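This report concerns only the one structure given below.
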Amino acid sequence: MVGSAIVRYLNAHGYQNIVARTSSELDLRNQEAVATFFADEKPDYVFLAAAKVGGILANNIYRAEFLYDNLIIEANIIHSAYQNGVKKLLFLGSSCIYPKMAPQPLKEDYLLSGFLEPTNEPYAIAKIAGIKLCEAYRSQYGANFVSAMPTNLYGPNDNYDLQGSHVLPALIRKFHEAKVNNQEFVEVWGTGSPFREFMHADDLAEACVYLMNNYDGEQFVNVGTGDEVTIKELAELVKETVGFEGELRWNTDKPDGTPRKLMDVSRLHDMGYKHRIGLREGLAATYQDFLKNEEVYVS
Ligand code: GDP
């Protein structure tokens, strides 16, 4: 989702010589394959968006894969970027790097100030390692490697698998299928009380290119909208967007996860970047994209 959004943005804004690989073309967990790719292509600028990602259930079940895959992808790419003289690299982390009970909104300074949320601790540890790799390669080798921490994202090419996905694509699919099948209700996980912030992938892509062009600092930067909704409000909004008329049923056997993770985006705003796409508008566009690509997304 994020990689394709960055490529769309770059293509639409006149950037050329974009080199991309799908995961079936290049397995980023393979150190030798990554080293060969960098030696052959010699990229100047690298957006490191590749990661193993998933929702609350997948993170909690596939704990080894979320830790191992993400650590090795970051280590392989960051080291190869350094060895091949990459001019600048932008590493993408996640808002789940912050402690579960950190004060809100989450300031960049709160990293490593408390215990992590247990459901996604392996993913968070890997992402924290990515930040530290960028800082260490900057400090020891003078590499211009910067990091951005995006909030929860959604948009074209999201994962719609109900066991693996995040809440927003899961709800689009569940409400859509409930409408088509005339179901009485849709099951939603947890209590509905946690707050989440959502950013459209096209806004994130624009922010990434903005940071690539304008930011060279060691301190990582939060990327988000600064707006939040409860899961209950999100579910109502998806229900309305899709046009489902039945009811919501809350399955409290499923975990809530972090109670709140609202990004403090003042650093990004002070630099001159602000998102454009509001949740209602972004959700409507994403539902249209889902309808167009349903066969690909739901297979
Ligand atoms: P998180 O932000 O890392 O916690 O990941 P998710 O996006 O998977 O979950 C966010 C919140 O939405 C949690 O409180 C979930 O329990 C809740 N949620 C409600 N329904 C669903 C669903 O169908 N799928 C997922 N993934 N989460 C859901």
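Note that Cβ sites are derived from N, Cα and C of the backbone, with glycine treated the same way.
These numbers come from a predicted model, not from an experiment.
Residues or ranges marked as active site, proton donor/acceptor in TrEMBL: Tyr123. Listed in sequence order, Lys52, Val53, Asn59, Phe66, Leu67, Asn70, Ser94, Cys96 are the same-chain residues at least 6 apart in sequence whose CB falls under 8 Å from the CB of Tyr123 (active site, proton donor/acceptor).
A 10 Å cutoff on Cβ-Cβ distances gives Ser94 (NADP(+) binding site) a total of 22 other Cβ atoms nearby, all chains included. Under the heading NADP(+) binding site, TrEMBL lists Leu92, Gly93, Ser94, Ser95, Lys127, Pro150, Thr151, Asn152, Leu153, His166.
Look at TrEMBL and you will find Lys174, Trp189, Arg196, Asp256 tagged as substrate binding site. The number of other Cβ atoms within 10 Å of the Cβ belonging to Asp256 (substrate binding site), over all protein chains shown, comes to 16. Secondary structure at Asp256 (substrate binding site), taken from DSSP and collapsed to helix, strand or coil, is coil.
Among the features that TrEMBL reports, domain 'NAD-dependent epimerase/dehydratase' is placed at 1-224. A mean pLDDT of 97 is what the model gives for the domain 'NAD-dependent epimerase/dehydratase' (1-224).
Classification of Ser94 (NADP(+) binding site) by DSSP places it in coil, neither helical nor stranded. Taken from TrEMBL, the feature site 'Important for catalytic activity' applies to Ser94 (among others).
Taken from TrEMBL, the feature site 'Important for catalytic activity' applies to Cys96 (among others).
Among the binding-site residues listed here, namely Lys174, Trp189, Arg196, Asp256, Arg196 has its C-alpha nearest to that of Lys127 (NADP(+) binding site). Counted over all residue pairs in Lys174, Trp189, Arg196, Asp256, the record's binders of substrate, the longest Cα to Cα distance measures 19 angstrom.
In this entry, Leu92, Gly93, Ser94, Ser95, Lys127, Pro150, Thr151, Asn152, Leu153, His166 make up the residues listed for NADP(+), with the farthest two CA atoms of the set 17 Å from each other. Highlighted here are the recorded positions (Ser94, Tyr123, Thr151, Leu153, Trp189, Asp256) whose C-beta falls below 6 Å from ligand 1: Trp189, Asp256, in sequence order. Highest local Cβ density among the binding-site residues Lys127, Lys174, Arg196 belongs to Lys127, counted as other Cβ atoms within 10 Å over all protein chains shown.
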